[in-house]
């Protein structure tokens, strides 16, 4: 008789964001006609940059003629896009990697979840707490963990992030094989200094572990000296995989495009590059060619200028939120090199209680910090994605009604 | 120390199509300036239908304005597209399913590979031999099998397909939990009658197994009475998952869009619907919204008309190949309800030997049948995807030079 995957059965409850959406919908049904101001999901709201839209229109025109139509692309991504990514790393990060280290995908979320599949289920994952739920959930579904108990999964090494360590944590004392790091961090908005990242690279070398570095928000970094790519750290090329995204800088949350860097050799061994290539060739058929045309445009000089303007818009939103929350005495973190403002709930409220209070009193939706891990309890995440006028309205509503 | 996934290490050699591409490239390097006529990969070559291109242009225009821009869509797919799929099944197959049984994805290959992950690694897969390599390779990578030995993986039930059973096979004698079926079949071009499919549904009910039915080529069926969807068979709604694609009828091989039907309950149990939903919410972030707009247009009355014209073009190619090969005495199957012509190699040649001969003498690339399984040895697959003039040139070249 057919049986379900036992590892999947360990997964707790629903995925965070659908649960937030469900609660907002339930609230709206109880309050017909009331508008909810959404500072919850990290969902882009502003128009696609014009040079990117133009490139995608042009691609559709090419596909509309039999002379210029193309079908399946390379599973690893369009050669021109992989080359553009390589040049982008060289130019902006001074990082030299070969084209074949870049694997283009339908987005950072897919890659962050799928990457665990090339590692033995016996590999021990380490995750920041709080963290983006995909690292934990995909580790659970991939059989890398045990049961859920006391707010965490057995077999995962949690790296507590709190105000005392600037939400960046130190490498763990315990052994781990896969270290998930996200900087600028989702949800806390924290960034890591060169020294902090070096400590993780040293830990990885010591433990013969691999760092999975999620750099989806790297374009939000403004503070001088903060690395944008893990490969800016000496020794990272031997031990790190990096996941990047066009979602938050080019507005591709719905268009879907990302990439993963897997160096040809990790610790001198080509196994993981080979397995990721095999995984992509077997489980994937390349990202949409229209999205990839947009990605090439996004990496052009004009595209980069437009993307950074778009990032600037959301960063201005973040500043408005950060200052607004601080003005009513709330304790806030992040929001400088990041679109997220990590906010301590007042009066020792729980995350979901403060979520409900903000929804009820200020008609504003945020994301409860406890959804990101045990250490997230007592915090909520404000997201800077939204039209400026809505961000301002939400902040006014919070100031007036809370 | 970090370790690779042991299951991945069982995978044999490279994925078939990259290997074919590698051999063609090597041949071209030895024969500079010579053109290769490609009847190998099932890669579409004709222009996107105009109503689909128009819808995708319009979607980019909507994304280019902040008033109409949208970010993340539902992981399960756009509501309008899921509804259109439901209506399509009702109208064309007389099959009634709820919208929430349809999960939109970036393509049938991804779904065909990922679907095994919701089942226990202890589940025994059954595959047609020959078959599309993804069912086997993803089962191996998912840990459902043992070592490769004597031309097959231990732990897989192979269902031999040959001329004696019309390349449709019967349900196996042995027990299996997951039965992969593909009709119209890739690579043999065979279709299954209602009675043949009923036998598999009865087998599934008897063994409490689940059928994974790949219907990517259903629009190529012209023979009266051949089912297009497994759900046309009584009892299939309790035991079958169906995977569909826009690749071969709408020309979306590069644009990427497909879907999977997981009924709300299989054998009265909602576990698999719930797990597939959880899998898609955790490992995926929705198909490209631009591609989804194209999918909605493809299912409109005008879109359907254009798609079936496109299918008709490739089917005419298939007829030219089938008649051409028969005229020189080659034994051919398929090519009537399918874009593939399954051809026995002359003089007891092996698949790769005939592949090499066709490449050397007729400058024509095909796909060696042995790449699809042990029973594929001694056959090659001709694909009808190509410009008409190239198909005719290839057939003339084969007739003259073989």
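Quick reminder: no glycine exception, Cβ is built from N, Cα and C everywhere.
Long-range Cβ neighbours of residue B:109 (substrate binding site) (same chain, at least 6 residues apart, Cβ-Cβ under 8 Å): B:134, B:258. DSSP gives residue B:109 (substrate binding site) a helix state. The annotation substrate binding site is assigned in TrEMBL to B:15, B:42, B:109, B:132, B:186, B:285, B:381.
The domain 'Aminotransferase class I/classII large' feature in TrEMBL is assigned to B:35-398.
TrEMBL lists B:72, B:108, B:109, B:132, B:186, B:217, B:245, B:246, B:247, B:256, B:285 with the feature pyridoxal 5'-phosphate binding site. All protein chains shown were included, and the count of other CB atoms within 10 Å of the CB of residue B:186 (substrate binding site) stands at 28. According to DSSP, residue B:186 (substrate binding site) sits in a coil region rather than a helix or strand.
As annotated by TrEMBL, N6-(pyridoxal phosphate)lysine applies to B:248. Long-range Cβ contacts of residue B:248 (N6-(pyridoxal phosphate)lysine) within its own chain (separation 6+, distance under 8 Å): B:42, B:44, B:216, B:217, B:219, B:220, B:311, B:314, B:339.
Checking the recorded positions B:132, B:186, B:245, B:248, B:381 against chain A with a Cβ-Cβ cut-off under 8 Å leaves no residue at all. Residue B:132 (substrate binding site) sits 15 Å from residue B:245 (pyridoxal 5'-phosphate binding site), taking the C-alpha atoms as the reference points. Taking a C-beta cut-off of under 8 Å and a sequence gap of six or more, residue B:245 (pyridoxal 5'-phosphate binding site) has these contacts in its own chain: B:107, B:108, B:215, B:216, B:252, B:257, B:258, B:259. For residue B:247 (pyridoxal 5'-phosphate binding site), the nearest neighbour among the binding-site residues B:186, B:285, B:381, judged by Cα separation, is B:186.
Counting only the Cα atoms, the space from residue B:186 (substrate binding site) to residue B:72 (pyridoxal 5'-phosphate binding site) is about 34 angstrom. Max Cα-Cα distance over the annotated pyridoxal 5'-phosphate binders (B:72, B:108, B:109, B:132, B:186, B:217, B:245, B:246, B:247, B:256, B:285) is 34 Å. DSSP gives residue B:381 (substrate binding site) a strand state. Cα separation, residue B:381 (substrate binding site) to residue B:72 (pyridoxal 5'-phosphate binding site), rounded: 40 Å. Residue B:285 (substrate binding site) sits 7 Å from residue B:72 (pyridoxal 5'-phosphate binding site), taking the Cα positions as reference.
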